[in-house]
Amino acid sequence: MAAKSSSSSTTTNVVTLKAAWVLPQRTQNIREVYEVGRKLGQGQFGTTFECTRRASGGKFACKSIPKRKLLCKEDYEDVWREIQIMHHLSEHANVVRIEGTYEDSTAVHLVMELCEGGELFDRIVQKGHYSERQAARLIKTIVEVVEACHSLGVMHRDLKPENFLFDTIDEDAKLKATDFGLSVFYKPGESFCDVVGSPYYVAPEVLRKLYGPESDVWSAGVILYILLSGVPPFWAESEPGIFRQILLGKLDFHSEPWPSISDSAKDLIRKMLDQNPKTRLTAHEVLRHPWIVDDNIAPDKPLDSAVLSRLKQFSAMNKLKKMALRVIAERLSEEEIGGLKELFKMIDTDNSGTITFDELKDGLKRVGSELMESEIKDLMDAADIDKSGTIDYGEFIAATVHLNKLEREENLVSAFSYFDKDGSGYITLDEIQQACKDFGLDDIHIDDMIKEIDQDNDGQIDYGEFAAMMRKGNGGIGRRTMRKTLNLRDALGLVDNGSNQVIEGYFK
């Protein structure tokens, strides 16, 4: 059972208008696009159905949230935030991908990829407990999702086995996180007081009504305890009894199967279920714990953050590609970039509307980056399109928006049309010159720019050449691509040669 209460409820504005909407724009009726089928599950706030896309026959899951359950303005905001967070995280390999959102007068519908392998919880029930190797593999995936959330300024707040699904019924199926209905954006150092979560998994500081992202690591520690033993660490016949046990914090490592569980596994659990959130392991530290690393399941070198990964990719693009991405970023829907907006605000600590070098350095440090100042300066220069010395909001969105969004045909056509002012079907030298002027770019070698993209050497860029440029080099890029003068050709060379320092991370 998920709990949700907030001290702000006394000032809540009750929504009385029948025509209140969650999404900023009206959508098609979901039944025009999908055939809604059998019921898959029922949650506290919504019902999930299987649905089939009429055009392709593809199978998806649809979470429908009835508006009659949205009693106040905050409830509507919660659903909108869930949608933003899912868009923000859904490119991660272990997060359920959101396909689209629909709304009518009675409900909001979230269409997601269909995971047919069932809940993690069900597999725990079936097996009783996993081997340490199986548990380590699963908890690594879960904590990678937690690390991804935290690096993006998102706190999940309801981690439990039921919120992780396997994509297939196979033994080696991929585990995916779902249900971000209680998740929130947060800033470093920010504390929360509303009691949310599920009884067995809730952290002691949540019960004390003063908590931050450390509470997610506690919940993951509870999941690990269950993965190894088949029972929760804090158990009682009633919710108040469970909460008392959590606040007491006494762990049982004497009952079966704990005597046969390795000391290293128990050490990790103790450090994840530390009563003090300040000394509790972070998600990053969990992934470096010997029990995980020594099993050769997690890499021995910590992954850099998503922000760093995207900035590195961005630094490998040529100038035209950067301008095109800026054009696309400005056309993305609000729900697609809502999470990035929050991330920008988190890094922009003085709320000036721009990110300075020091703010970028501090922001990267907070997400575990170990870059030298010169490397951070290269990233800053790469993102700072207009060379103002700071990164404004538009530049930040352009530098961090997931590159998969580039490849959508409608976005590429829109960006091409922006540069092709006369609608001739070609981008000419003069048109690029005008675009550089519009973007405040000086000292640009336009001939070299065209030469790099112009495959048939006719001195101009057609749509096919433009689309090819935009789609190339969008994979993981290694550490060496941060050189200030790096161009697209160099970046492609690194990708083709298979750099062994590929940056993956939560924007995968």
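In case you wondered, yes, glycine gets a Cβ from its N, Cα and C as well.
These come from Swiss-Prot:
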BINDING   LEU40, GLY41, GLN42, GLY43, GLN44, PHE45, GLY46, THR47, THR48, LYS63  ATP binding site
ACT_SITE  ASP158  active site, proton acceptor
DOMAIN    407-442  domain 'EF-hand 3'
BINDING   ASP420, ASP422, SER424, TYR426, GLU431  Ca(2+) 3 binding site
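Positions of Swiss-Prot features highlighted on the structure.
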residue	record	Cβ within 10 Å
LEU40	ATP binding site	16
GLY46	ATP binding site	22
THR48	ATP binding site	19
ASP158	active site, proton acceptor	22
ASP420	Ca(2+) 3 binding site	19
ASP422	Ca(2+) 3 binding site	9
SER424	Ca(2+) 3 binding site	11
TYR426	Ca(2+) 3 binding site	18
GLU431	Ca(2+) 3 binding site	18
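With a threshold of 8 Å between CB atoms, the same-chain residues lying at least 6 positions outside the domain 'EF-hand 3' (407-442) that come near it are 319-320, 323-328, 331-332, 385-387, 449-450, 459-463, 466-467, 470-471, 474.
For the Ca(2+) 3 site, the Cβ centre of ASP420, ASP422, SER424, TYR426, GLU431 serves as reference, and the other residues of the chain with Cβ at most 8 Å from it are PHE419, LYS421, GLY423, GLY425, ILE427, THR428, GLN460. LEU40 (ATP binding site) sits 53 Å from GLU431 (Ca(2+) 3 binding site), counting Cα to Cα. GLY46 (ATP binding site) and the residue listed as 'active site, proton acceptor' have their C-alpha atoms 15 Å apart, to the nearest angstrom. In this structure the C-alpha atoms belonging to THR48 (ATP binding site) and SER424 (Ca(2+) 3 binding site) are separated by 48 Å. For the pair formed by GLU431 (Ca(2+) 3 binding site) and ASP158 (active site, proton acceptor), distance between Cα atoms is given as 51 Å, rounded to the nearest Å. Per-class residue totals from DSSP over the domain 'EF-hand 3' (407-442), listed helix then strand then coil: 22 helix, 2 strand, 12 coil. Taking the C-alpha positions, the distance from the residue listed as 'active site, proton acceptor' to ASP420 (Ca(2+) 3 binding site) comes to 48 Å.
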